[in-house]
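Here's the structure, in structure tokens; my notes come after.
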Amino acid sequence: MSRPIETITVVGRDAALWLSALGLQRAYGKVGVKVHAIELPSLLQPNDVLSTLPTTYGLHGLLGIAENNVFRFAKASYVLGQRFAGWSGSRPPFMHPYDSTGTNFGHVDFVHFWQKAQRAGMNVPFENFSIGAVAAAQGRIADLRESATPFSKAAQGFNLDAFSYGQLLKAYALKSGIAHSQGILEKVDVAEGAVMSVTLADGTRHEGDLFVDATGPQASLISQLDEAGPDSWDHLYPCNRMMVMAGAPVSPAPSYSHIQAFRGGWVGMFPLQDRTAIVAVYSDDELSDEDMTQSVPVLSSVPVSGDAVVSSLNTGLRRNAWVGNCVALGEAAVMLEPLDAVSLHPLHTGLSLLVDHFPAAADAMPQARLFNRKFAGHMENIRDFQLAHYRLNQRYDEPLWDRAREMETPERLAYKLSTFKATGQVPLHDDEAFEKENWTSIMIGHNHLLDQYHPLVDGVPDAELMQRFQAMLKFIAEEVSEMTSLSAHMELYAPQKPRSSF
Amino acid sequence: MQKKIRKIVIVGGGTAGWMVAAALAKTLGTHHHDIVLIESEMIGTVGVGEATIPQIALYNSVVGLDEAEMMRETNATFKLGIEFRDWRKLDHSYFHPFGFYGVDMGGISFSHYWLRWKKAGGNLDYTKFNVETEAARDEKFLRTNDDNNIYMPSVNYAYQFDASLYAKYLRMISEKRGVRRIEGKIVDSAQNAESGFIESVKLENGQSVTGDFFIDCSGFRGLLIEQVYKAGYHDWSSMLPVNKAVAVPCAKNGPPLPYTRSTAREAGWQWRIPLQHRTGNGYVFSGEFISEDEATARLMNSLDGEPLADPKVLKFTTGVRKKSWIKNVVSVGLSNGFLEPLESTSIHLIQVAIAKILAMFPGDQIQTGLVDQYNEEMHWEYDHVKDFLIAHYHVTERDDTPFWNYVRTMEIPDELKRRLETFRNRGETLCHKSELFKEVSWFAVLYGQGLEPTGYHPVANSISEDDLKLRLAKIRSGIQDRLNGMPSHQEFIDRYCAANSLMSA
Ligand SMILES: Cc1cc2nc3c(=O)[nH]c(=O)nc-3n(C[C@H](O)[C@H](O)[C@H](O)COP(=O)(O)OP(=O)(O)OC[C@H]3O[C@@H](n4cnc5c(N)ncnc54)[C@H](O)[C@@H]3O)c2cc1C
């Protein structure tokens, strides 16, 4: 008879290690599975930032992490969307909110009606019909009143200081009753396509029925088993360098991240409580690291302090993230661009899949195939969403951006883009992180409009259409004015400044 | 038998006299009642008393004053509260705002929720949850009376004005409504031999003015209530030991602040009240601890503008008449008592007296039951304001002068002791519903003076921490939204009620 899993050994560092260990402990610790976290030295740089989607709420809920603590200890800020500026020539920036936009009339999506009105000369941007987008532009947090919930599902993700967030997760993980070791990884013993044990520099050897590789890009465990290695996606993305810096905080605190395209790539500004984290993604064909360092303050228009940390940027997917008894989670399994707030999403996805497809026996893990297929599907969809920004850019006559438009486009993405243009529909798969409203938002935002709107649209008299639009805008303005401001929320955690007067 | 009350004589034309006159003329009318006011220009009025509290709006509306006009006529500015400097200790400052902290929930005041948040390690000063404090900091003002946005707090305010001009303005209104003013000094009075009721007062020029009902607004001297009826006086100077004031106006040094400042001094405290055209100043002190000359020098040296007059000294004894209404005489204003101007309550107490007189106004006869009720109620009002004032002095860390050592260690009333104890333990202030200064005021002053509660009301634990945080953020957000839409105090005055003298200058 086969033996059930008794011990899980999670080897890794930073958020990936602690989220994996805590997640597995919460899911399987209660049935007696022992979770052992082996902590390797951090690879974080001082100003690293994690930018996450609203699904982080669900993750924290599962892990028992109080939102208050995330705010208190991880320098967190709320983000209701991403603002893209400069991606389409001289067109104004647009907001991609974590929310729907407008309401359908009958069976026809709002976007068709908007497009008709827009053609007829109405110049109200699409995003103005989204509570999430308007709220983000006004620095609100997503506390919708009941009256707004049928119309909107505005939600917020977090921007997190990577180091403090890791510390917070560690504290939770240690409190949850896992075993904990610390050291430098010396050796991974592999036999018969499985990890037998890991040995640390201090000579200690650690075994396990199931190993989780949360070592990040080093992929120290899985790389011993996965002979094929990761598929590179570098040929799909135009940038190959990344730079991280710290900028002054912006006041009042914006509740969106700002993604500014420029000649050589893009610069992202991610508000945190104590700073604006700045991440630049660029191509060394266009500018040197030095040039980039000098460009950041100009492009971000906030004072920049401290050193810039530069690294090469590679993307790719390990199609065999689970081999034998070893599952890679996080960056050991997939590398994406730091775009669209997906810093934790691959980890979250992998962890959920592992929990759902937990191996029943220690000696055979047939779930691996299913896991790998599902995981790859999810990741490809995220990648496609990121690529869509590049493919749809309208910065003409700039080599990087011209290239970004013309690079190889994965078939599924090409199909999405063309279907939307032809019909206003977004063909979705069931493993998509981004939904119809997200795709619609960025496609319209990048000016990828419908060739023609739905025929039923003409059934609504123009006057009625305008009236409905106006009512919607008024309703949104009212709802947003009653939402809480992010800066008020932040003040509740900010350290008090000494005051000389009352 | 008593006579039917037809003729009302107001003795004195200071702020009290004219406030009474204007209110009676409006509510009783001058058709059925003859209203006469006697004053002596030779004697003059106290003339200070420039800061008010929000309740004055009620008086103004009863009398039917147009706010903007009243403010233009009296060089008025808006007042959002009082800054107390150096009261808890030197180089410390706190603000006692009008209005509220946050929003009360679950039947207990917001401060308990804030205390819970703070105890749990949360940040953000309670003062950030009060829109008036925040507006005062930014020197902003907006009238929000007609605004019914329930997500933004309304702004509560009073006025800082020239009290003599206010009296003058009320005089004009009263006279328009048929109040007769008689100039002259009262030298004598005549009583009914049987009832002891005052029947007439006699002026220096020999004229006699008869009346059925007399309102004694003659100032500290208490011409009828004390000099004729010997009402007696509760002397509170052992607990409120200030007994003199030296006052002087000075030139303004910038846009007027929308608040009054009270700075603690070695033997009392100094006020600074900004009006549209000048700044009022005064040092309220105890003659036992500092001489008049020294106090005057101290005041003159601390002015932030050219003095515009010679300093004027006033003497008083803190306390209240044992009886405010005796036979057919009711004393109102300084003739009824004086609690010192720390919380700008004198004009308010005049207004309370007027409201009560109107509520209990005699028809055919003066009922002794009503008179007793009036006396009890008026005493209660003064008594509770008194405790609030005492708390300012008594709860302090100052030990740098004999005056502060005295007030810090003096005996205080039992009821106040109980309050301080309860506040220390659970942040509650045991306020009566009808008390003038509510929980918010007590909280602001006690906390500001340095009494920080160790606990809070248990009901504050009834909501989840997330819920608490969201509510706090929501309240704060409303305050931010409100502040963002507020013009500067000066801008608001300019467009709403700039005094003519300034416009033509
Ligand atoms: C230092 C100080 C600061 C103050 N600050 C404030 C403040 O900030 N806010 C506030 O609300 N209050 C303040 N007050 C109190 C305020 O000044 C008085 O409440 C207000 O002026 C009312 O005074 P009154 O009308 O009662 O008396 P008075 O102003 O003294 O008027 C008395 C009137 O009686 C007349 N009179 C007296 N004797 C006779 C007679 N024999 N014959 C004829 N007429 C006579 C006088 O001519 C005069 O018209 C302050 C008081 C002082 C002393």
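Including glycine, each Cβ sits where the backbone N, Cα and C put it.
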Write down the one residue from B:ILE5, B:ILE326, B:ILE347 that TrEMBL lists together with B:GLY13, B:GLY14, B:THR15, B:ALA16, B:LEU334 as binding FAD. B:ILE347
All-chain count of other Cβ atoms within 10 Å of B:ALA16 (FAD binding site): 33
Excluding near sequence neighbours, so keeping only residues 6 or more apart in the same chain, what lies with its CB under 8 A of B:LEU334 (FAD binding site)? B:GLY14, B:ALA16, B:VAL46, B:GLY219, B:PHE220, B:PHE316, B:SER346
Sort out the sequence-distant neighbours of B:LYS79 (active site) for me: same chain, 6+ apart, CB within less than 8 Å of its CB, listed by position. B:ALA51, B:THR52, B:PHE98, B:TYR157, B:ALA158, B:TYR159, B:GLN160, B:PRO258, B:TYR259, B:THR260
Does DSSP put B:LYS79 (active site) in a helix, in a strand, or in coil? strand
Neighbours of the FAD site B:GLY13, B:GLY14, B:THR15, B:ALA16, B:LEU334, B:ILE347: Cβ within 8 Å of the Cβ centroid, same chain, sequence order. B:GLY12, B:GLY17, B:TRP18, B:MET19, B:THR45, B:VAL46, B:GLY49, B:ALA163, B:ALA167, B:CYS217, B:GLY219, B:GLY333, B:ILE350
Tell me the coarse DSSP state (helix, strand, coil) of B:GLY14 (FAD binding site). coil
Return only the integer: C-alpha distance in Å from B:GLY13 (FAD binding site) to B:GLU343 (L-tryptophan binding site). 23
Surrounding CB atoms that lie within 10 Å of the CB of B:GLY14 (FAD binding site), all protein chains: 24
Of the binding-site residues B:GLY13, B:GLY14, B:THR15, B:ALA16, B:GLU343, B:ILE347, which ones put their CB under 6 Å from ligand 1? B:GLY13, B:GLY14, B:THR15, B:ALA16, B:ILE347
